[in-house]
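Feature annotations, courtesy of TrEMBL:
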DOMAIN    48-226  domain 'Wntless GOLD'
DOMAIN    227-496  domain 'Wntless-like transmembrane'
TRANSMEM  233-253  transmembrane segment
TRANSMEM  265-284  transmembrane segment
TRANSMEM  296-318  transmembrane segment
TRANSMEM  339-359  transmembrane segment
TRANSMEM  379-407  transmembrane segment
TRANSMEM  428-452  transmembrane segment
TRANSMEM  472-493  transmembrane segment
Amino acid sequence: MAGAIIENMSTRKLCIVGGILLVFQVIAFLVGGLIAPSPTTAVPYMSVKCIDVRKNHHKTKWLMPWGPNHCKKLKDFDEAVSRQIEANDIVFAVHVPLPTKEMSPWFQFMLFIMQLDIAFKMDNDLKENAEITLDVSLAYRDDTFSDWEEIAHAIENRKLKCTFSSPKTLESEGRHYDCDFLPFMEIGSVAHKYYLINIRLPVNERKGINVGIGEIKDIRLVGIHQNGGFTKVWFAMKTFLTPSILIIMVWYWRRITLMTRAPVLLEKVIFALGISMTFINIPVEWFSIGFDWTWMLLFGDIRQGIFYAMLLSFWIIFCGEHMMDQSERNRLSGYWKQVGPIAVGSFCLFIFDMCERGVQLKNPFYSIWTTEVGTELAMAFIIVAGICLCLYFLFLCFMVFQVFRNISGKQSSLPAMSKARRLHYEGLIFRFKFLMLITLACAAMTVIFFIVSQVTEGHWKWGDITIQVNSAFFTGIYGMWNLYVFALMFLYAPSHKNYGEDQSNGDLGVNSGEELQLTTTITHVDGPTEVYKLARKEAQE
């Protein structure tokens, strides 16, 4: 009778905890949807054509598109021809941000893409697979009076992919090609108020540089940066969640160290998952407000990669520990076939990221997408990652189905137990199913997050209420990962409850060699968790 009361109280407590976590999950989505603005903002920039006839001009002078010290401007290239100004003496200047505005460290990063306005001309047609060479320079200053300080200078090549819908005749001259956007620049911090971009298109007919690229009329840039309001909400969430996970981690590991036995594999993996979650939570981004840390984007990718690898490994081990289909239990080596590919895949993605954002630490104009080989490799990584994620989700669903089927088959032995013992194990099964369903929901939300992050951001408008969809998913999924790790450590922490030796395997109605292998959220101080205490032989058979 006492066991039944204890079990009913435990089940009721579990429902209360689940309800509280659900409330926090809803709050996490609403914070992003209702409080935070959209994660990013796109700002279009039109370059200004400046004249600079001096040699080595990029080393001695920066050309401003507007302001008191603005450059001598060209209206169009027809004016350049009439004034006998060569192409090598024309500089496309872009000032970031627009007039009367300032950039802020709260913007976190800047990403620029380029669009070329290319007109069709019979005697200067755009060749197939043409390649444009850019001589680009980037500078900064923090007030309107100081000299510009150079950040980077590079000579980059970009392949032009353009189509022309009209027939190429004299009547079509002046019409523009439809060209794809080109990756231009990415910086991992916005530490200064003003930025200046100077772009030159050097022409060398003998070497074939910028020959056959058509008649370029204008260069447009689109700058994308993180919204300052979203950054503040994001930092606030990190600052709040970091101590929350740290406290539950300390409590969880303390409960484990109080036991006389050594920690089992599942407990170690859960603790490692908590460490990886804490690694993401620690709000080191606060330092980026005062320091020019251009490596923060790369560091963020590494942190997320470690957590994803740990999360995928945990799901495999969690399901495998309850599959009852292998003789080697409680050993990581028993899962090398499943965990090995996760480690190899994570390492490959790390190398890929180092080849992109790692190089951008020195050259922000570099992009792996600028070459055919780089583009194919990058697309291959994205497609393979998407396919692997979907296949992994299907495989996880199959494993969950097998675990539920195995438990259902073993439940036939429950009627032979004493009432208290039966209620106890029914509660254990309920808690296991509860946690498995949470795991499945977490996997589903992760897939949704991956898909949504690949499409254009938008918002939903219900009457006077506007919900920022992407912001809601960012904060909601981030909150979900934290709540999931919190729930794992809370439910799988060793319990001080002891049901006594009188309610041992004899109550099951089967001998010790035919014990059931179930799972539990309760472990005993004097021994292993129920998942390892209840029957190995059944699994071996």
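Here the Cβ of each residue, glycine as well, is placed from N, Cα and C on the backbone.
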Between the transmembrane segment (472-493) and the transmembrane segment (339-359), are there three or more C-beta pairs closer than 8 Å, counting only pairs 6 or more apart along the chain? no
Positions whose Cβ lies under 8 angstroms from the transmembrane segment (233-253), at least six residues beyond its ends: 28, 31-32, 35-36, 270-271, 274-275, 277-278, 281-283, 285-286, 471, 474-475, 478-479, 482, 485-486, 489-490, 492-493
Between the transmembrane segment (265-284) and the stretches 296-318, 339-359, 379-407, work out which stretch tops the count of Cβ pairs under 8 Å. 296-318
On average, what pLDDT score does this prediction assign to the domain 'Wntless GOLD' (48-226)? 87
